[in-house]
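Here the structure is laid out as structure tokens; the discussion comes afterwards.
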2 protein chains.
Amino acid sequence: MTEIEGGITTPLGFKASGVHCGIKRNNLDLALIFSEFPAVAAGMFTTNKVKAAPVMVSQRKIRRGRARLVVINSGNANACTGKRGFENAVKMCDIAARELGISSEEVLVASTGVIGEQLPMDKVEEGIKMAVKSLSSQGSSQVAEAIITTDKKIKQLAVETDILGQGKKKVRIAGVAKGSGMIAPNLATMLCFITTDACIARDALKEALQRAVNSSFNQITVDGDMSTNDTVIILANGRAGNKRIKTWRKKPTLRVEDENFEKFCKSLDYICIYLAKSIVRDGEGATKVFEVKVEGAPFPQDARRIARKVACSNLVKTAIAGASPNWGRIMAALGAAHTKVKPEKIDILIDNVLVVKRGEPAGAPLSDLRERLSKDEISMLIRLNQGDCKATFWGCDLTEKYVRINKRYV
Amino acid sequence: MTEIEGGITTPLGFKASGVHCGIKRNNLDLALIFSEFPAVAAGMFTTNKVKAAPVMVSQRKIRRGRARLVVINSGNANACTGKRGFENAVKMCDIAARELGISSEEVLVASTGVIGEQLPMDKVEEGIKMAVKSLSSQGSSQVAEAIITTDKKIKQLAVETDILGQGKKKVRIAGVAKGSGMIAPNLATMLCFITTDACIARDALKEALQRAVNSSFNQITVDGDMSTNDTVIILANGRAGNKRIKTWRKKPTLRVEDENFEKFCKSLDYICIYLAKSIVRDGEGATKVFEVKVEGAPFPQDARRIARKVACSNLVKTAIAGASPNWGRIMAALGAAHTKVKPEKIDILIDNVLVVKRGEPAGAPLSDLRERLSKDEISMLIRLNQGDCKATFWGCDLTEKYVRINKRYV
């Protein structure tokens, strides 16, 4: 697998566009991602009980496992907007379907922005019409721009997998994402759209997406808040002409995968982890990213709980911001994670330096640690020494700027 | 019940003292609370798996239900200090017992401060000797001062209950607390010591303390982090000479209480809620306190989960800091609380103004809300309209100053 130039229009048979229709004052605010050919689709959505209208609409439609167009707007989340909001989300799909002459059943929708305001549907309708007209195979960066809110950078990546298609051309996968605030497991005001020209069965696509999201977007946190609008969607149109990738059950308990499935998953994971980490790096007010790796847990959920608790701790996050070598906060956070781990067995390494040995200070010199904590990327390894399970989480520091940004935003 | 002047030495038969022994550079750092007469005792401690040595020691001793002395130090948490730390916590009790000529079994210990450093035991020993010599019935404010860390104010309160003791004197209860950072359910770097001259049975005292803590210290949050050292201890020496307060089981499922038990609980709750709210008000960097009241939940745990999630949300806390009337963040936070509530039934009131009606904007004018959110104390009422259960939580805003304080602190 190799990274290649480009974005979501790099896989064969995809077009995209991003336009400004006036939901936001300036900046692009409406995007389309279109497969010129029928495609299978899978999606994962926020687990928040307060779900935005577009989430409810897309979640329902994607059960069919087929979709070829996604309509996205930023600047307005269409959340807490009741029956009218739901109707507007449906309407966004209908307008786009009509303009492109496809079935509305094949159109998904996603929104991000302010909660509790109705969409300006006249502007949205105009925007969709404009966006249909400007669909192009060069449109990926426009989409990346049109979906961001407080993000400072656009986030996209394309890769070439090791799976061979027709004419020895390799299968491609690409993704685009937005993040910034309200980032927490599971998913968070984050949108991610993935395109691939792979030929793949619906079930296999769904399985691959779940795995990739669980080891990427569900392992990041910016502020521990979970959004009403989180959406990850993948469209696969089969234009690479590879032998259909599939998985099947030999027995109820035994799922069999063909060899290309593994290759597909590897590339998809790579894209999702790249985008997830980009989201953390670009977290509101963030100046540093840190990785919390937990090893030696008795159960997988223990590893996940501890990694998450440490990555979400405001005291750990401010310590990172201040390059303060305060491992006591890491110990306090992991102890609060509702597990049964024994503190007296735990080792902690910060940037490969042992700071806690069997639950007690290892005597690492503070000045050295302070220097290591001044880097942009910091790694923490928590060895529980109580089993074989592990988990990795990524977080960012908590700064005065995060507070400033979120005090102002309405 | 009425508030009265004074602190933990106001109930009959208690003496206290606070001294500077050099654990901290300046300021008082060691305190004693002493009942001149044998006393029954109850305690509640952090549920963090990483427990400080003094917590382990006191938790073990208090099972007997009797104690008459508490030794407290600030500036060093004696946490993550291994076997030596445990021995030092035991030694603190032993030294104090020896100096006062009482059994070490009757001595409890609590610490707060930096994690992972051994106590300077020579200084601590000197300090305990000094503190024993300066024990006085005027010592309550010295204790209040000696136990604080980043707190800006001391926190103490004394009340006279409606329970009559000997010579028609009323039974008294008083409490002292410290808080500031790492405040979250359940308990947090918070210490609280309560004294009373009530004559009360051990079981009744334990029951009363549990109820009071659950409706006060377990319902507050400053930063969602839970400490290794949280301790609440109550000593009751019976000097008021009231008829012994008790509760007993008539059947396994039926606990009977005498009428004075209810009065006792009412006063104890009052003190604990007062101290808990003082802790939030004095939270690190806090400029505002807010109350999250949840009503109409299908189950008590739903009400608690939602109240906690909203009070702990960084986005809600920064919105409060900025007086930003962003109720969408409240909706997003409550939806993430792992309950089965239906968003379309929810009403939200901020400072008595309806902002969300049945899950949708109620159309309250933003300028008016901004003004209401500029107050020091803000109330939120979340009516789920899906049952009869309720819960109240108290939180504080998240400010640039919180970040600044915790970037520096090592």
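Backbone N, Cα and C define each Cβ position, glycine as well.
For the substrate site, TrEMBL records A:Thr149, A:Lys178, A:Thr189, A:Asn406, and the single candidate of A:Glu36, A:Glu284, A:Glu291, A:Glu295 listed with them is A:Glu284.
Most other Cβ atoms within 10 A: among the recorded positions A:Thr149, A:Thr189, A:Asn406, that distinction falls to A:Thr189. Chain B has a C-beta under 8 angstroms from the C-beta of A:Asn406, taken from the binding-site residues A:Thr149, A:Glu284, A:Asn406. In three-state terms derived from DSSP, A:Asn406 (substrate binding site) belongs to a helical segment. A:Lys178 (substrate binding site) falls within a strand when secondary structure is assigned with DSSP. Across the fold, the C-alpha of A:Thr189 (active site, nucleophile) and the C-alpha of A:Thr149 (substrate binding site) stand 10 Å from each other.
Cβ neighbour count for A:Glu284 (substrate binding site): 28 (other Cβ atoms within 10 Å of its Cβ, all protein chains included).
Taking a C-beta cut-off of under 8 Å and a sequence gap of six or more, A:Lys178 (substrate binding site) has these contacts in its own chain: A:Ser74, A:Thr112, A:Ala144, A:Ile147, A:Ile148, A:Thr149, A:Asp151, A:Lys155, A:Met190, A:Leu191, A:Cys192, A:Ile279.
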